[in-house]
Amino acid sequence: MSDPKPILYYDDRSPPVNPQHSVPVLVHDELVLTDSHAILIHLAEKFDVAGTLWPKEHDARIQVLNRMLFECSFLFRRDSDFMSEIVRRGFANVDVAHHERKLTEAYGIMEQYLERHDYMAGDQLTLADISIVTTLSTVNLMFRLSHWPRLERWFAAMQQLDAYAANCTGLEKLRQTIQRIGDFQFPACGLEINDH
């Protein structure tokens, strides 16, 4: 079995591995995965021998999956709607208050997830945290977390993980792109600013 190979970008010379022409893509032997959640689960099942990121116990694993589905169907959807509208219409033509309401509703839900646990799906770091922090980091560029103390504390802890540095590269590119499109100063990765 070979090592998994990520495809980090597409251009016209890229092989037709993913008909969607989108990232992420992970090629592992004959297996081609084109969704970040499927990639996370695959890697955890193959390489997380201890079963901490993707728990072996059914109820714990389903809770992690539940939070990952929250991220892709609720949080990411709202983030994508907002960012897409900025790109399509220009920042000046976006109803920021509408998107803030939608996204801060998601913040409130995550704040509730953290009422009884330090992590999104329980008492230890799981794939749910990894999935959620990547999307939350983009939303946090615009709508800060200071009104949600548990979520803010959780996010600060996630930023301390060694692996979070890999997120900063893409986050910085997004920040620069969105800042070019709109007249808004986004904070650099890992830096806190005052509430909007």
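From the backbone N, Cα and C atoms, a Cβ is placed for every residue, glycine too.
Automatic, uncurated: that is what TrEMBL annotation is.
The domain 'GST N-terminal' feature in TrEMBL is assigned to 1-51. Per TrEMBL, domain 'GST C-terminal' is recorded for 59-184.
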>> On the 0 to 100 pLDDT scale, where does the domain 'GST C-terminal' (59-184) sit on average?
In response: 93
>> DSSP on the domain 'GST C-terminal' (59-184): how many residues come out helix, how many strand, how many coil?
In response: 94 helix, 2 strand, 30 coil
